[in-house]
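All remarks here apply to the structure that follows.
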Amino acid sequence: MEWIADPSIWAGLITLIVIELVLGIDNLVFIAILAEKLPPKQRDRARVTGLLLAMLMRLLLLASISWLVTLTQPLFSFRSFTFSARDLIMLFGGFFLLFKATMELNERLEGKDSNNPTQRKGAKFWGVVTQIVVLDAIFSLDSVITAVGMVDHLLVMMAAVVIAISLMLMASKPLTQFVNSHPTIVILCLSFLLMIGFSLVAEGFGFVIPKGYLYAAIGFSVMIEALNQLAIFNRRRFLSANQTLRQRTTEAVMRLLSGQKEDAELDAKTASMLVDHGNQQIFNPQERRMIERVLNLNQRTVSSIMTSRHDIEHIDLNAPEEEIRQLLERNQHTRLVVTDGDDAEDLLGVVHVIDLLQQSLRGEPLNLRVLIRQPLVFPETLPLLPALEQFRNARTHFAFVVDEFGSVEGIVTLSDVTETIAGNLPNEVEEIDARHDIQKNADGSWTANGHMPLEDLVQYVPLPLDEKREYHTIAGLLMEYLQRIPKPGEEVQVGDYLLKTLQVESHRVQKVQIIPLRKDGEMEYEV
């Protein structure tokens, strides 16, 4: 056992381990591709079983060195070619590798499903393990012959094989996960296997292709793919820095809904699901609009859908009964907002019309004070999803919207939230909702209410909107551009549209005309 203290023995051991690992890279790649065909629960077992059987095979080959040496002796000749048992094994392995790599490439490129539902799981599992062992036997022959030529001690060779296989076992799982999570890398690996299969066939016919050429080509390809993966990583990092995950997801879904599949970042499974649709619309326009509204629901706040306090029909708490009855006759809502005096700034609560009706049917005088109910109170920055949850928990459909100083800015109802998804819902009476008041004119322009939310406007007119804006209505957009209250007749260009103020009352923009422009900045119609 004096050879254990010999430094040259240890140098040979380390060299053999490195060679085993280098020669085993292609084997690991093939294992990663084969293991993907199995159900997730069987993949680890297939990798471990295949590599352990491969290690056992290499140890048996090393134990039969005398037989192994005879494999290089010529068996027969055909014309100018002389074949040994090793050459025949190389030919078989090369053609096997070419066949498997070609079939795998065909499945990847044609999008075929490699899973066969009619096949038994056990047979499939052992089929994959068998392929792993057969392929490893082919690669083992070269590595074992190399080991025999480099080291004289059998124990050193066996130790190198055991250590190398153990390292391959540890690396196989992360390598499998990495390869299968990057479709372009799978194609690259299959291309490597084609090159290796071709080199094995050439070696079987006696044409020696230096391994350095193969490794140089593989290394160059890996470098190019690394640059490609770096570019993808930088693109995703740039997108994540400029847009939230919710925004990127919403944009990708909306591109899919509009049929722009080539612009959306899709994984392989999603792309395969959509490939059969061609250029057909997957969803109709109504479905696309509704899904877009749902995806953007949490991006909107209650202040963007509220009815301004200036548009609220209210009644004084101390109003005489006759005035209350007159208001009930012309009222079209189920609730009345009660104020302390004629000032709409001081909102006390709401009164349900049905409660007033019950008072009247009982012959009692109408008394607003005893019927006042306190609605929910939302901060103006509250997103719609939390607002919807509060409506559900409180079992009420009405809320006041207040600013940071506690002043009431407006009211919002459950119907307002529902309309952000389904669009404007008609009432039993023909009432025009001022917030959705937009009509298309005969000349191609639009006339809209100044208090129409921009999120609703873009459903009709695709204006570019600043995601960090602090305004919510068309009037707010005009004031942001002008930095003052617009005057009638003033115009502002926003993207490819000209916004013209038509009507202003009490410092409030009532009507706005939206005129589409040509690319040269001229109007698309005659004034």
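Using the three backbone atoms N, Cα and C, a Cβ is placed for every residue, glycine included.
Annotated in Swiss-Prot:
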- 306-366: domain 'CBS 1' (DOMAIN)
- 371-429: domain 'CBS 2' (DOMAIN)
- 14-34: transmembrane segment (TRANSMEM)
- 51-71: transmembrane segment (TRANSMEM)
- 81-101: transmembrane segment (TRANSMEM)
- 122-142: transmembrane segment (TRANSMEM)
- 145-165: transmembrane segment (TRANSMEM)
- 185-205: transmembrane segment (TRANSMEM)
- 207-227: transmembrane segment (TRANSMEM)
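Among residues of the same chain six or more beyond the transmembrane segment (185-205), those with a C-beta under 8 A of the stretch's C-beta atoms are 26, 29-30, 32-33, 81, 83, 87-91, 93-98, 100-102, 104-105, 108-109, 138, 178-179, 214, 217-218, 221-222, 225, 229.
If you take every residue in the domain 'CBS 2' (371-429) and average the pLDDT, you get 84. Note on the domain 'CBS 1' (306-366): DSSP counts are 22 helix, 16 strand, 23 coil. In terms of DSSP helix, strand and coil, the domain 'CBS 2' (371-429) has 21 helix, 17 strand, 21 coil.
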